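Here's the structure we're looking at; comments come further down.
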Amino acid sequence: MKNNFSKYQGLGNDFIIFDARSNNLDHLFSKNKDNFIEHLCNRNFGIGADGIILILESNNKCFVRMKIYNSDGSEPEMCGNGIRCLIAFLNDNNEINELSEIPIETKAGLILTYIDGNENIKVNMGEPILSPLDIPTKLLMNSLKVPNGVITLKDQILNVYAASMGNPHMIVFVNDIEGIPFQEWGSFLEKHNTFPNDTNVHFVEIIDKSNIKVKVWERGCGPTLACGTGACACLVVTSKLGKTLNNANVYLPGGKLEVEWPNQSGPVFMQGPALKVFSGEIDI
């Protein structure tokens, strides 16, 4: 059976989007997800993407429900770039019109989104989670109320931090982000037993109080050009540690996200672009 799809990207973090509100795609993906999703996301033998987004009817009075799969078939709780791509898809298909606030249901809960006049998409990412039990992580809370500890990797002792934006993130500060053995460190840390559910890994280089560089190793995907929830988690940790202000530009391999945490007892806001790459149809 042929199904329409659209491919969107947010800073190079790309997704295949299927509108599954009036078909049985959700059932098909749930039943056959592992090999099926890996094939669709394969850049040589499939469409090629970091993940797949299904648009579903919401059961909680939201505009729609977003279901997302990583390229390995796993289902993350939330994806910041993915939700921006979803909003761009809905906007391109004239579903949003004059709505000023678009509530989206996700596995991590209700997420509020907005489109500004330049079609930049702003997302209320909710309050960060810093409780080790809720992230979850075995790291212990330090005096600045951030989970923190050390991990030994061969001859390296890495000082690591943790935060969650509905999904777990490890933050590692480095002096030269291009000089680290990224593949080795990323793959090792993703599966480290300090994080019972595995984790996204972010290597952070501080430029100044308003700008940071981040390199992403995404749980279930490996290297990606950007991670929206990760950018937010990095800003939360850097601001808690006093390394940045409560708003900063986060420079990822795919481009820049603007992240703000105006009140440390409130939500984090992320803003950035999302664009259509192409659309088509595929036999499923």
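Each residue, glycine too, has its Cβ placed from N, Cα and C.
Matching ASN4, ASN70, ASN175 to the substrate binding residues that Swiss-Prot gives (ASN13, GLY80, ASN81, ASN167, ASN200, GLU218, ARG219, GLY228, THR229) identifies ASN70. For CYS79 (active site, proton donor) paired with GLU218 (substrate binding site), the C-alpha to C-alpha distance reads 11 Å.
When the Cα atoms are compared, CYS227 (active site, proton acceptor) and GLY80 (substrate binding site) turn out to be 7 Å apart. All protein chains shown were included, and the count of other CB atoms within 10 Å of the CB of CYS227 (active site, proton acceptor) stands at 35.
Counting every protein chain shown, 30 other Cβ atoms lie within 10 Å of the Cβ of GLY228 (substrate binding site).
Cβ neighbour density within 10 Å is lowest for ASN167 among the binding-site residues ASN13, ASN167.
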